[in-house]
Amino acid sequence: KVFSKCELAHKLKAQEMDGFGGYSLANWVCMAEYESNFNTRAFNGKNANGSYDYGLFQLNSKWWCKDNKRSSSNACNIMCSKLLDDNIDDDISCAKRVVRDPKGMSAWKAWVKHCKDKDLSEYLASCNL
């Protein structure tokens, strides 16, 4: 599934992501835009360390999910393939786990590059939140 920006914003708001970990809803949606283009089936790799990135939030197989290609910390306790379906509830749960680590949203390189310290005040202005 490819979400629209506003569709994803409403979904994430319903899952209490606005303010989660100290990050505004706009930060979460911005991160998803630049990580996956809002596509739940986004799959990328092979990364330099042999890992792959899965789904809407491009969650990494070395740290967050298990893909049977290599050993994993599997901190979200989930098979990576589950992060490629249209149900994003488990993706959201895993993203919440990621942001609890000291790096916070800086775990996502695309967020650092495109969203961090940017003025996102108008980013969701059209979404009727």
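Keep in mind that glycine also has a Cβ here, set from the backbone N, Cα and C atoms.
In Swiss-Prot, the cysteine linked to C80 by a disulfide bond, out of C65, C94, C115, is C65.
A straight line from the CA of C115 (disulfide bond) to the CA of E35 (active site) spans 11 Å. Secondary structure of the domain 'C-type lysozyme' (1-129), assigned with DSSP and counted as helix (H, G, I), strand (E, B) and coil, comes to 54 helix, 12 strand, 63 coil. Residue pair D91 (Ca(2+) binding site) / C127 (disulfide bond) shows a Cα separation of 22 Å. Between the CA atoms of E35 (active site) and C80 (disulfide bond) there is a gap of 16 Å, rounded to the nearest whole number.
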